[in-house]
Amino acid sequence: MEPTVLGVIAVALIVGAAVLGRKTGIASVLILLVGGIVIGYLPGTPPVDIPPEWILAGVLPLLLYSSAVNVAFTDFRRNLRAITGLSVTLVVVTSVIVGGVLYLLLPGLGLAAAIALGAVISPTDAVAATSIAKRLGLPNRLVSVLEGESLVNDASALVLLRSAVAATAGTVSLWEVAGDFVYASALGVGIGLLVGFVTVWIRARISEPVVTTTISFAIPFIAFVPAEHFGASGVIAVVAAGLVTGHRGASRFAANQRISDHTNWATVQFILEHAVFLLMGLELHALIEDVAAEQGGVPFALLLGLALTAIVVVIRFVFVFPQLAYLRRLERKQVEQGDLHRDNIRGFVEAAPAETERQVRRKRGLLRRLRKREADSDFYRTEGLEWREGLVISWAGMRGVVTLAAAQSLPAEIPFRSTLILVAFVVAVVTLFGLGGTLPAVIRKTGISAADEARSAETHELLDAVNRAAVAILDDPRQTTIDGMPADPVVVEGLRARYRRPAQLEIDEDTESQIDQRSQMRILDERMRQTARAELLDARALGSFSSEAIAAVQRVLDIEESRFDAL
């Protein structure tokens, strides 16, 4: 069959699964996984064998970048301890324990190769979890932790896999493996930050949205390829570049650029996320045929896969609850210390002299940092990770396509290679259906939810604050003066009404006076939009509103700005 026809069929299956998933409440990626398995066993279906490099070096950078640019930096910073524990410490612990079990069960495998498979099945895939979480309205912090974990744990697992594979040759020591892990991670972060800052600087100076979006499609590989060339983690570089782009793009890019980026990347992410699960299902048939020829065959691989599935699930539960208890103690202590010293520190800062311009800037900076700490304390006080959140995080331990692709990248000389790949597939499939299929019921049972009314109220509160800041400049004669002359009162009052009640200001273009009014309106509106944007960025930097509210208001401002610019 022609590749074009296969592509059309794949897109049709993806769209159909998405529609069916919305109607049934089943994650669409699970539907595609089942569909792929069924299609793979139909008579006449050719064997599917996707080179792992296509996934690890082609698809994964795009998926991670598209997720990273949408992660709120404030959320990532506040949840860094939880994310680091889940995506680094838990990955290492899981890899070592699974490796030890495999080493005992398969003596001919070797400890390094056994740990390599442990690294393969250690990273979670948050696609199914976050889609379910967002659909059921889980609190923003819980979703942020799951998304942050999935961003970083792929990188840490692949770095550990590379180090373990190198150790199979017997030419490196444990300290060299640890050193390689640190080197690959640190250099990957450095390269990613550099790529992020440079590409944002370049794109901010290009006014064509189509051009800047085209550049954005290359950024994951601009970060990935050099990092891999210098022995660093390309995946970590991609994540770092995406975080920088998402954070700085809000203040550096034009509204039409952000809208174009969001729309195009959402489409790319949707297609790739679903396509990889379809391919994952299609590969099962050929994989089972390969394993049937090895010692032990398919039954042994299935039993071993089920045993390792139970082990990784238990490890996650045992790790998550003590970690969250430890985080609660740290956050409670941070809140108590902040409350204890808040008034004294604020009084000291407010009493500081502000006579010179330097002192004014210093005082403003100190007050800003104080407000940021207060917002963090309020966040930890109201968004704690209790046992119910711990249960959901533990249950969201599904493995996915990265596990399968990483397994297929194992060197050919490793004993039991086909069996190990099938074991990884079993772990991925069982966790996807066993944990992913029951996750909605677990979420409903815990009763965790973020009230829609509260979310809407917070968004409207932020939008009102942004609009008030914009309208306030109309009362400042310096801001309403254009070319040394005060703006026409009709324009001023029209803009005041427009920001209080979103509606387009109608001005005819018949007379010279009315043309001048339109010119004044554009100038004042630009100043008001800059003020509104500054107020929003200030709220984002302080963390005084949730990232959901920030994103919602930013979309409103972007749409208003792009609509006005088109006039």
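Even glycines carry a Cβ here, placed using N, Cα and C.
Positions annotated as domain 'Cation/H+ exchanger transmembrane' by TrEMBL: 10-444.
According to TrEMBL, the transmembrane segment annotation covers 6-21 (among others).
What TrEMBL records for 26-42 (among others) is transmembrane segment.
Residues annotated as transmembrane segment in TrEMBL: 54-73 (among others).
Here TrEMBL flags 85-105 (among others) as transmembrane segment. Proximity of distant same-chain residues to the transmembrane segment (85-105), defined by a Cβ-Cβ separation under 8 Å and at least 6 residues beyond the stretch ends, is recorded for 111, 114-119, 121-123, 145, 148-153, 155-157, 160, 164, 304, 307-308, 311-312, 315-316, 319-320, 323, 327, 393.
Among residues of the same chain six or more beyond the transmembrane segment (111-133), those with a C-beta under 8 A of the stretch's C-beta atoms are 27-30, 87, 90-91, 94-103, 142-143, 146-147, 149-150, 153-154, 156-158, 160-161, 164-165, 167-168, 170, 273, 277, 308, 312, 392, 396-403, 406-407, 410, 414-415, 420, 423-424, 427-428, 432, 436, 439-440, 443. What TrEMBL records for 111-133 (among others) is transmembrane segment.
Under the heading transmembrane segment, TrEMBL lists 181-202 (among others).
Under the heading transmembrane segment, TrEMBL lists 232-250 (among others).
Feature annotation from TrEMBL assigns transmembrane segment to 270-288 (among others). Cβ atoms under 8 Å from those of the transmembrane segment (270-288) belong to residues 10-11, 13-14, 17-18, 28-30, 32-41, 45, 47-50, 55, 59, 62-63, 127, 298, 400-401, 404, 418, 421-422, 425, 428 of the same chain, restricted to positions at least 6 beyond its ends.
Summarising the annotation, TrEMBL assigns transmembrane segment to 300-327 (among others).
The transmembrane segment feature in TrEMBL is assigned to 420-443 (among others).
Counting Cβ pairs under 8 Å that are 6 or more residues apart, the transmembrane segment (300-327) and the transmembrane segment (232-250) reach fewer than 3 and are not in contact. In this chain, the transmembrane segment (54-73) lies close to the transmembrane segment (232-250): three or more C-beta pairs between them fall below 8 angstroms, excluding pairs fewer than 6 positions apart.
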